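Visitor: Below are the structure tokens for one structure; questions will follow.
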Amino acid sequence: MKQSVSAEQIELKSSLPGSKKVYVDGTREGMKVPMREIEQSDTNGVQNPPIRVYDTSGPYTDPEYKVELEKGLQAPRHSWTLGRGDVEAYEGREIKPEDDGVKVASKHTPVFPQMDRKPLRAKQGANVSQMHYARNGIITSEMEYVAIREGVEPEFVRKEIAEGRAILPANINHPEAEPMIIGRNFHVKVNANIGNSAVSSSIAEEVEKMTWATRWGADTIMDLSTGKNIHTTREWIIRNAPVPVGTVPIYQALEKVNGIAEDLTWEVYRDTLIEQAEQGVDYFTIHAGVLLRYIPITAKRMTGIVSRGGSIMAQWCLFHHKENFLYTHFEEICEIMKQYDVSFSLGDGLRPGSIADANDEAQFSELETLGELTKIAWKHDVQVMIEGPGHVPMHLIKENMEKELDICQGAPFYTLGPLTTDIAPGYDHITSAIGAAMIGWFGTAMLCYVTPKEHLGLPNKDDVREGVITYKIAAHAADLAKGHKTAHQRDDALSKARFEFRWRDQFNLSLDPERAMEYHDETLPAEGAKTAHFCSMCGPKFCSMRISHDIREYAKENDLETTEAIEKGMKEKAVEFKETGSHLYQ
């Protein structure tokens, strides 16, 4: 009897406090774009309008939706894909025990029930990538959906994709995903890495991490599983993921050859790409820029090659003394990608793993190759983003962004941090968020989160929450710095609520309402404290905002401007000082 994963096995979260799921109708039939609407209380009888924010949580936070993990999410994009008339269903490759890293399938592995689903691919001679449509002047349903989410015109979305400045990762076999866009002229996005390892985690835990990450604001998920049940874990995640899912296919390919890098072949890797494309993976990290001639340059580094995918390919190249087969077969990879609309995330296999190695010859040599590969992918109308570092001190961060834009012709940059110092294990979500905010401001389109467990262990769901929130802060700070037209609205609303002592509105407007309320209630748990004009930091007599209110009230009572009120009050105090004998201490 095959086991299953059910909603009862994981902790599912409802909508955040003070929020409700709302939908904006598109022009296309059945198109409903989700938003999160945050209610606000009145100020002295004057209504404060609700604030609508971008929502990545999927149907899990819709009270009308019944979660059935074994059935997967609904698939609204399926009809859009079929409606274009350029795809066909086919049998697909046979799923084998080796796909899960075993020789014989285990009865204890919870296989996803809907295994009779037929994958889609482009018809002979067709190209189903969003870039191909965009370059042919077509505004797809996915582009309109994204435009509503971002608050821009659909034509702007089409043009950014056509020019290669943005990608819309949307594999035709992942119809459950709600379309989103990654590009420097849109909201800065956040990716959350999940996935098992050889020593930790189960399928249920990884599905739970996915739902947690998207609830807290992850725009995409990467399944970086390296343990057993790789295929099955990915199937459960994709079928239940409302956001795009990325992978590093070389990890699974390595499992298929028993973890021996030198036994990897193009045929094994190609088979893995097709397997994952049929499942619905939206973007592949492919380390095609790790060339044989670059590997010796890393020998003088402090920390060598720190990318798992990069080190695997380097080991293969050195053993065979041949060029990286991902590079030599790159055009063939493009042919696969455009059949399913899988986007490239060109991997930075030679990224710096320490401050000492930042911006070195190996890193920027690989970047030059990624620029070359970007042009090849674009020749096939395949969408591309570029992965970036890594460990970079603050004064060297801007150079990374400038070089990427120049060398890779403006393709979206997707960076891991970067970490700005190496001395804070346990706090690397903070060291990296500093760099993430900076590089997001300079133009990075998506930030890959770092959790407190970075360099220490596999993150659990609480670490995922911590990492996502930390990176949402960095991404939002970057949006503010870039002058995104709607970014300041939530800040202004929260600041107004703070000044007016609307405590619940403060909590609800924050990125993590539950944490904000928890910290407030540690010292002032009573319900009356939710309307008090002070908190436990300053108390009632030293609250600067309460004093500001007193000044304004004084000005109002005396028919004065606030500055005049302060001057008048100072004069009154001066007279009082003289009348009491001009003594400093009584």
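Glycine is no exception: its Cβ is also placed from the backbone N, Cα and C atoms.
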Visitor: If I go by Swiss-Prot, which of HIS174, HIS287, HIS329, HIS455 binds substrate at the same site as ASN193, MET222, TYR251, SER307, ARG308, GLY309, ASP348, GLY349, LEU350, ARG351, GLU387, TYR414?
Guide: HIS287
Visitor: For the compositional bias 'Basic and acidic residues' (22-39), what are the same-chain contacts with Cβ under 8 Å, counting residues 6+ beyond its ends?
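Guide: For the compositional bias 'Basic and acidic residues' (22-39), the far contacts come to 15-16, 50-55, 57-58, 61-62, 76, 79-80, 141, 144-145, 148-149, 178, 508-509.
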Visitor: For the binding-site residues GLY309, GLY349, which Cβ has the most other Cβ atoms within 10 Å, all shown protein chains included?
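Guide: Most Cβ neighbours within 10 Å: GLY349.
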Visitor: Highest CB neighbour count within 10 A among the binding-site residues ARG351, HIS455?
Guide: ARG351
Visitor: Among all the protein chains here, how many other CB atoms are within 10 A of the CB of HIS391 (Zn(2+) binding site)?
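Guide: If we count other Cβ atoms within 10 Å of HIS391 (Zn(2+) binding site), we arrive at 26.
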Visitor: Roughly how wide, in whole Å, is the group ASN193, MET222, TYR251, HIS287, SER307, ARG308, GLY309, ASP348, GLY349, LEU350, ARG351, GLU387, TYR414 that binds substrate, by largest Cα to Cα distance?
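Guide: Value for the max Cα separation, rounded to a whole number: 20 Å.
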